[in-house]
Amino acid sequence: MPEENIFLFVPNLIGYARIVFAIISFYFMPCCPFTASSFYLLSGLLDAFDGHAARALNQGTRFGAMLDMLTDRCATMCLLVNLALLYPRATLLFQLSMSLDVASHWLHLHSSVVRGSESHKMIDLSGNPVLRIYYTSRPALFTLCAGNELFYCLLYLFNFSEGPLVGSVGLFRMGLWVTAPIALLKSVISVIHLITAARNMAALDAADRAKKK
């Protein structure tokens, strides 16, 4: 059998499309909020399809999982950079959010790989119960991730407009009220990610040191 080209698997092609849409979004962010947000959300929406394609076509790969996570982290980080420019008084909060997001996911992924998991989304039964629900319940994972991204996207749009009025309240403002608790919960889960991964790494270090004695 000819060797398979992992880079041309359908889920990975979707991943490349996500990167292209994200870059287009970043290009338009300084001047064209609705164009930028449309491409940003389209990039995020495709995130739901690459996983389905991987399962349906049996094309799940470590490269694809890494590509997916890095695209998510980089896209969110670039949006937060723009938010820091638009809301300079909240710059520290955006910096902390970026740092927490990147650090928690990287350490969690690294600890999963060291422990032998094929993906950072594979949680064993002895793992943290909150993370177990987060990664084994697709509705919970989708709601938290989509709500978090939508919150930041609405915050970006809100700088330019309140949005269409719904009664006496702008749609973007209303959306921020709804998604803000979701974004806050996502940050709490990121803290749990970080603490759990740090404990896992410390336990692995302790086990390695015990073997050497």
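Placed from the backbone N, Cα and C atoms, the Cβ positions cover glycine too.
The topological domain 'Cytoplasmic' annotation in Swiss-Prot covers 1-5 (among others).
Taken from Swiss-Prot, the feature transmembrane segment applies to 6-26 (among others), supported by sequence analysis.
Positions annotated as transmembrane segment by Swiss-Prot, on the basis of sequence analysis: 28-48 (among others).
Here D50 (Mg(2+) 1 binding site) comes close to P11, N12, I14, G15, R18, G64, D68: these same-chain residues lie at least six apart in sequence, with C-beta atoms under 8 angstroms from its C-beta. Swiss-Prot lists D47, D50, D68 with the feature Mg(2+) 1 binding site, giving similarity to another entry as the kind of evidence.
D72 (Mg(2+) 2 binding site) has a Cβ environment of 19 other Cβ atoms inside 10 Å. Under the heading Mg(2+) 2 binding site, Swiss-Prot lists D47, D68, D72, citing similarity to another entry as support.
Beyond its flanks by at least six residues, the topological domain 'Cytoplasmic' (49-73) meets 6-7, 9-12, 14-15, 18-19, 22, 43, 101-102, 105, 109, 118-121, 145 of its own chain at Cβ-Cβ distances under 8 Å. Residues or ranges marked as topological domain 'Cytoplasmic' in Swiss-Prot: 49-73 (among others).
If you look up Swiss-Prot, you'll see G51, R55, T61 marked as CDP-1,2-diacyl-sn-glycerol binding site, on the strength of similarity to another entry. Cβ neighbours within 10 Å of T61 (CDP-1,2-diacyl-sn-glycerol binding site), excluding its own Cβ and spanning all shown chains: 17.
In the three-state DSSP scheme, D72 (Mg(2+) 2 binding site) falls into the helix class. Look at Swiss-Prot and you will find D72 tagged as active site, proton acceptor.
Within its own chain, the transmembrane segment (74-94) has Cβ neighbours under 8 Å at 18, 22, 25-26, 29-30, 40, 43-44, 101-102, 148-149, 152-153, 155-156, 159, counting only residues six or more beyond its boundaries. According to Swiss-Prot, the feature transmembrane segment maps to 74-94 (among others), an assignment based on sequence analysis.
According to Swiss-Prot, the transmembrane segment annotation covers 96-116 (among others).
Annotation comment: Swiss-Prot describes 117-139 (among others) as topological domain 'Cytoplasmic'.
The transmembrane segment feature in Swiss-Prot is assigned to 140-160 (among others); the stated evidence is sequence analysis. If one looks beyond the transmembrane segment (140-160) by at least 6 residues along the same chain, the residues whose Cβ comes under 8 Å of a Cβ in the stretch are 29, 33-34, 36-37, 40-41, 44, 47-48, 72, 76, 79-80, 82-83, 86-87, 133-134, 170, 172-173, 175-176, 179-180, 182-183, 185-186, 189.
Under the heading topological domain 'Lumenal', Swiss-Prot lists 161-174. Sequence-distant contacts of the topological domain 'Lumenal' (161-174) (same chain, six or more residues past either end, CB-CB distance under 8 Å): 33, 154.
Residues or ranges marked as transmembrane segment by Swiss-Prot: 175-195 (among others).
According to Swiss-Prot, the topological domain 'Cytoplasmic' annotation covers 196-213 (among others). Sequence-distant contacts of the topological domain 'Cytoplasmic' (196-213), counting only residues of its own chain at least 6 positions beyond either end whose CB sits under 8 Å from a CB of the stretch, comprise 104, 107-108, 110-112, 114-115, 127-128, 131.
Taking the centre of the Cβ atoms of D47, D50, D68 as the Mg(2+) 1 site, the nearby residues of that chain (Cβ within 8 Å, site residues left out) are P11, I14, G15, R18, L46, A48, F49, G51, G64, L67, T71, D72. A helical conformation is recorded for R55 (CDP-1,2-diacyl-sn-glycerol binding site) in the three-state DSSP classification.
As a summary of secondary structure, the topological domain 'Lumenal' (161-174) carries 4 helix, 4 strand, 6 coil according to DSSP.
Within 10 Å (C-alpha to C-alpha) of D72 (Mg(2+) 2 binding site) lie the following binding-site residues from D47, G51, R55: D47.
Only residues 6 or more beyond the boundaries of the transmembrane segment (175-195), in the same chain, are considered here, and those with a CB under 8 A from a CB of the stretch are 97, 100-101, 103-105, 107-108, 128, 130-131, 134, 143-145, 147-148, 150-152, 154-155, 158, 163.
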